[in-house]
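Marked as NAD(+) binding site by Swiss-Prot: 76-87, 274-286. What Swiss-Prot records for 94, 104, 132, 216 is substrate binding site. Under the heading Mg(2+) binding site, Swiss-Prot lists 216, 240, 244, citing sequence analysis as support. According to Swiss-Prot, the site 'Important for catalysis' annotation covers 139, 184, on the basis of sequence analysis.
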């Protein structure tokens, strides 16, 4: 059965890295007999330029009917003072598709260990996933700003916590069978509920070990002993901070993919880096995050584990051969890096 993939190339280096990702997908698809159609739609700044809105109606309708969505990058300086900004499109599509779970793998590549700000012994064996609740919590609560007083409401229901917990435990079943739930249970009421629901959900997964960490302790462990983690799950605010902290461990944003999942609808896959308008159009952008996002899509939306592993192994091999883009300390262009990965498939 042919799968429908909606592509949102967006802005800046987005079209360049999307082309790279689709080139790799095309090669892998021929090897694993994966049939798909691509439906390219404007989004972000490209949506504003085309139709005056970062999430045009036709783009949203296509996304809703897709089997998966690939997003490259959005934003740029031309929109800094605009009344409508590209980032509003990302918030809107998350809301419209109910993308409640953000998944960010954190892995250290042997060939890139020297880029990490941590000592080699600290990052040895680091391979974990941050699962962030994306649609609840303080970001979506009421925000009240008065003359000399302000407050923000942090609100979570047991059902919201339960669904993100179950997602984390299911991911852990396919990995190291360990979940670290992060909260601030010693202070916050929402965290007391968070921990209670985590304990309840853990009973549904007897093969997975659950541990609790306070967020301040977890932030320290992520630097002093990150290899301790397998699957980290936490609420929106803590996840926003900790996922960004974790992203510095590999020493570059250029090799980190991510996914955002709904309960029953399509998932969205994207690199964690931005649109890099300063190098757009020069053919020097690092496509690896986009290519690994394609691998995540194959595994998580289509259960094509073989295809995902082919891509991941090809990326490993390419880096080990010393083929590096400029952000990684080499001279390879976007096209050269992509061609090398395709060759190593």
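Any Cβ shown, glycine's included, is placed from N, Cα and C.
Structure coloured by features recorded in Swiss-Prot.
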residue: 76; record: NAD(+) binding site; CB count, 10 Å: 22
residue: 80; record: NAD(+) binding site; CB count, 10 Å: 8
residue: 84; record: NAD(+) binding site; CB count, 10 Å: 14
residue: 94; record: substrate binding site; CB count, 10 Å: 17
residue: 139; record: site 'Important for catalysis'; CB count, 10 Å: 15
residue: 184; record: site 'Important for catalysis'; CB count, 10 Å: 18
residue: 216; record: substrate binding site; CB count, 10 Å: 11
residue: 244; record: Mg(2+) binding site; CB count, 10 Å: 13
residue: 274; record: NAD(+) binding site; CB count, 10 Å: 15
residue: 278; record: NAD(+) binding site; CB count, 10 Å: 10
Winner by Cβ contact number (other Cβ atoms within 10 Å) across the binding-site residues 282, 286: 286
CB contacts for residue 240 (Mg(2+) binding site) [other CB atoms within 10 A, all chains]: 17
Candidate with the highest Cβ count within 10 Å, taken from the binding-site residues 104, 132: 132
Mapped DSSP class for residue 84 (NAD(+) binding site), helix or strand or coil: coil
Residue pair residue 104 (substrate binding site), residue 286 (NAD(+) binding site) - Cα distance, angstrom, rounded: 18
Cα separation, residue 240 (Mg(2+) binding site) to residue 132 (substrate binding site) (Å, whole number): 7
Distance, residue 94 (substrate binding site) to residue 278 (NAD(+) binding site) (CA atoms, angstrom): 27
Integer Cα-Cα distance in angstrom, residue 274 (NAD(+) binding site) to residue 139 (site 'Important for catalysis'): 21
